[in-house]
Amino acid sequence: MENLAKNEIIKDLLPRKFNATGKLWIGVLLSLCVVGLIAYTRQLSKGLVVTSMRDYVSWGIYISNFVFFVAISLVGSLITAILRLTDVHWSTPLTRIAEIIAVSAITFAAIIIVVDMGRPDRFYNLFFHGRLQSPIIWDVIVITTYFFISILLLYFPLLPDCMLLLKNEKKLGKRPNKLYKFLGSFWRNTPAQIKINECAINILVITIIPVAFSIHTVTSWLFATTYRPGWDSTNFGAYFVSGAFLVGAGGVLMAMYAFRKSYKLEKYITELHFDKMGKIVVMLALVYLYFNINEFLVPAFKMKKPDQEHLMGLFAGDFAPLFWFAIITSMFLPVLILVFKKGRKPLPAFIAGCLVVIGSWIKRYVIVTPTLLHPFLPMRDVPPSYRHYFPSWEEWAIAMGSLAGMMLIITVFARLFPIIPIQETITEIEQHENA
Amino acid sequence: MKPTDTSRREFIAGALMAGAALAGCSEENNPFESSAGEMVKPSGEKVKLLSVNGEVIEVDKAFLKPVPHMPPVSNDEARIGIKGKKFVMVIDLSRCKSLKKCQEACDHVHHVHPGQNWIKVYPMQDAEHTAPYWEPTTCMHCDEPPCVKVCPVDATFKRQDGIVLIDSDRCIGCRFCMAACPYSTRVFNWSEPELPKEIADQPYSCETSVPQKKGTVGKCDFCADMTRQGELPHCVSACPNGVFFFGDMIEDSVTNGSETFRFSELVRDKAGYRLMEDLGTKPSVYYLPPVNRNFPFKKDDEKEEGEKS
């Protein structure tokens, strides 16, 4: 990387127009979003009856999808904040990828929670009648805070790059140029500006860590503050946060590979990055495994009566295939791949990342739904359809549409802005040379 | 006469001392005065009435005035509840044979969505070798209600008379309360409730819980409108076996309509208990254990798949 000239770097990293594959990708994502929107209009007019949720399973894949979004958004704080504060420099090219994942995921977490509401038209009641004792209000507060810090953490490092983008108006076209002007025309790259920007970023990376822990801890408390077997656990905060870092890191592995391929960034996202990220994923998977053992082994050892039905359902009952699939794909297989040096090459690392993300999505579902099917008093005096749960097509469409929407934000962002910070890459090379 | 506040107070005080109470009341304060002022001409048509002391009296029809309905309670009043009351229910398990008349009456009065129920009757068996019995459940109206704790918008609330109600005009439909309730007592209006138009057009009242609204949570309300009128909840009066007793803990009396007991004595003598006491929710519903039962336990007709007792 050291030998790259400044101009070459700029040329390599400037955003580019979509090629045929890119257009196809956008088309697929857009159509998934449209199907999701159609499903949601049906839900708006008919009510939540279009879902398969009923009185016992009152939270379904909307909520597990929400937990997934909150989880994956934590990676922003891991890569930009934790690695930055520990003075790790190899992660610089990954910061923007992580931060846009964080912003898009937390945006869709907010959207999906509104989708789950029976009365989205009364959303304003949260502000007019909000009660601070409800964990939902805590979640609203911390998620909003996290959203704004993440936006700023995306925006501030973008300022020097905006100037570079403005200099290349001819290549990038007029309309994007207006956006760059709006966002960063005041940036002159003066030492004073650079200093104040760095200072602001430092404050943000420190504040985002407790906020990031809060968003997922509070989200876990939406479950852990109830009495239900499977949720009534003091382990839940740590269990959720560790799982969140894992799925976020898996998501970054996926995104790294995708951007490296489609934007030909081999010089910037190198095998070294896959190697390092692979090691991080192994560590995070083992930490998550540790909390899983705590979460399941201890109640299983005692087998208290309310826990028994729930746990047996997971270990050997109706939910066993999903439960073991989630455990194996989100933890065992990725560790098995990434623990070897050959496994940390780009393609196997990408596959491991995909496994982590898919397994984690299902894991969230296994956390939310089985518990609701094992209430304290047996299910009674309800129609047969209330006794089990499988998401309706509307729920699938909305869930998939939201995932597509998240990826659409990331893709469009990469079309408009350099997905690898240009100015920071240049600065780092210069510093390296001076040293 | 246009008395100011002070002059009126003095005037009333003076009038009371003089023993001429009614004469001194100002117009808006005296409900009798306006009608007394109107000259009603007797129509000559007489109606026979039963007086409070049991005498049959004759009154001219022109003097009869329709009694106005109880004015609807405002949302603020409905949220406060009835002062000096602490409502309590006692369910005698030895009397229940799962007739489900309680459920029928409740569903009918509250227009509960077909298939859903606010009252459920569970076939219970606590352990392998213990006796099975029927256990009707209502909302437990807990004194430490987990549902109220988690509600983000104060749509479900605890009143000073112990009743937990829902404001369906405020509920945002997040269903956190349903996850929080360990008694699975809450139901959700997944679709637009199927109601007759005149019911659907009524303004919602927290005390009647009618009309239920799409996208909001519903549950047993201890028939707060009935208790305000001093009457029994519908499940209590519908049960032919007198399973449900309802009353006021401060008066220390509960009744099922035909029998009345001291609440404290009933619960003491029959070893009353509450459901899931270990959770600390402090329910307002007490159960009397199913001893010396009036009916043998017979598994009911309801052939529900996956039924576990």
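Backbone N, Cα and C define each Cβ position, glycine as well.
A TrEMBL annotation is a machine prediction, not a hand-curated record.
Per TrEMBL, the features are:
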- A:21-41: transmembrane segment (TRANSMEM)
- A:61-85: transmembrane segment (TRANSMEM)
- A:97-115: transmembrane segment (TRANSMEM)
- A:135-158: transmembrane segment (TRANSMEM)
- A:203-224: transmembrane segment (TRANSMEM)
- A:236-259: transmembrane segment (TRANSMEM)
- A:280-301: transmembrane segment (TRANSMEM)
- A:321-340: transmembrane segment (TRANSMEM)
- A:347-367: transmembrane segment (TRANSMEM)
- A:396-417: transmembrane segment (TRANSMEM)
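In terms of C-beta pairs under 8 Å, the stretch of A:61-85, A:203-224, A:321-340, A:396-417 lying closest in packing to the transmembrane segment (A:236-259) is A:61-85. Within the same chain, the transmembrane segment (A:61-85) stays apart from the transmembrane segment (A:321-340): fewer than three Cβ pairs sit under 8 Å, each pair at least 6 residues apart.
The list of residues near the transmembrane segment (A:321-340) in space but at least 6 beyond its ends in sequence, with Cβ under 8 angstroms from a Cβ of it, reads 243, 246-247, 250, 278-279, 281-282, 285-286, 288-289, 292, 314-315, 348-349, 351-353, 355-356, 358-360, 362-363, 365-366.
Per-stretch counts of Cβ pairs under 8 Å to the transmembrane segment (A:97-115) identify A:396-417 as the leading one among A:135-158, A:280-301, A:347-367, A:396-417.
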